[in-house]
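Structure record follows, encoded as structure tokens.
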Amino acid sequence: MGWGDAEFPNVSLAARPDTCFGVVNLSSSLNETQKKAIASPWFSTAFGLIGLCSNLFALYVLLSSSRKLTSRSRSSFLVFLCGLVVTDFMGLLVTASVIIPYHFIKFNWAEVDPGCHLCNFLGFSMVFFGQCPLLLGATMAGERFFGINHPFSRSTSISKRRAWSIVGMVWGFSCLLGLLPVLGLGRYTLQYPGSWCFLTLLPDTGNAIFCLLFALLGIFSVVLSFIFNTVSVVTLCRVYHDRESVQRRRDSEVEMMVQLVGIMIIATICWMPLLIFIIQTILQQLPAGERARTLPTETQKLLLIYIRMVTWNQILDPWVYILFRRAVLQRVHPGLRARPSLLSLYPVLNPSLRRKLAQEARLQ
């Protein structure tokens, strides 16, 4: 999602604050060199193709791996990863299908979309495909947290069907969130430099509530992922350094946690600047209230930069799984080998197993 590179629509649209075209000041004149620096259709096309190919490759590797698995915990984790990759792929595909043709055709937004339906669709896509990866990251972190820290509290691991149901719930929730401006809470508007639509960073009640809801929900997802992943990593490190269980670890848990931490780091770097910027902009403009009709030029340009950063999240996510698979990690660290189940990491919770291990330790 998020491309933000194109030339400017008809500047008369700036005089229509009641539509999706009137929030951003597009009347600033730029020379041809400046326009080319902002509007780079070939760069955007190559950028999109790299992202689409990366996600397709990751999806192929995921599907190949899932056929060879017998572990239900690993299988459910791959379902969540598959949902993430599909979301990133569709996000790039949907936004590219609108924005890249605009780069080459240079259509007039007011003539092609006088009712703002295309702008609403693009804005919805930006919110939906932006919020989904953050929520899926938090969901995966939560699933691994309970799987690692409370392995005996669940009678069975999450099945594939249930995992897909959870992914569907995340998609459904993100869809409802994206539809809020269409239903009347806030609105989607054309953004600088005139090639994409997104939520409106103005302090009127509807826009302020929707912007804060979007940003706070995203920050909450990132923070929740950080907490879950930190506790899970600490637990794994503590158990792996237990003298009785150091030879009984299972590398698949390490593999999943490495991938989760990678996804979390990428999401934090790509998303947090935008989410914090949205909150900061809304709070700074609150004193202006309903009087604010357009965004300052500097705010428009910063929003474009942060959206470009967010786009990298969809391109880098698939490479986390591609590069941090056990097969790749074993080439870097040959000592990684398949070991027994995670249940053996918790002899303290199984008295008979603990006695057996203690006897073996004394014999040694």
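From the backbone N, Cα and C atoms, a Cβ is placed for every residue, glycine too.
The transmembrane segment feature in TrEMBL is assigned to 42-63, 75-101, 121-142, 163-186, 206-239, 260-283, 303-324. TrEMBL lists 54-321 with the feature domain 'G-protein coupled receptors family 1 profile'.
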* Check the transmembrane segment (260-283) against each of 75-101, 121-142, 163-186 and return whichever range has the most CB pairs under 8 Å. => 121-142
* Structure fact -> Same-chain residues at least 6 beyond the ends of the transmembrane segment (163-186) with a Cβ under 8 Å from one of its Cβ atoms are 75-76, 79-80, 83, 87, 120, 123-125, 127-128, 131-132, 135-136, 139, 199-200, 206-207, 209-211, 213-214, 217
* Structure fact -> Same-chain residues at least 6 beyond the ends of the transmembrane segment (121-142) with a Cβ under 8 Å from one of its Cβ atoms are 1-2, 77, 80-81, 83-84, 87-88, 90-91, 94-95, 98-99, 166-167, 170-171, 173-175, 177-179, 181-182, 188-189, 196-199, 214, 217-218, 220-222, 224-225, 228-229, 232, 260, 263-264, 267, 271, 310, 313-314, 317
* To do: Note the mean pLDDT of the domain 'G-protein coupled receptors family 1 profile' (54-321), expressed as a whole number.
  => 85
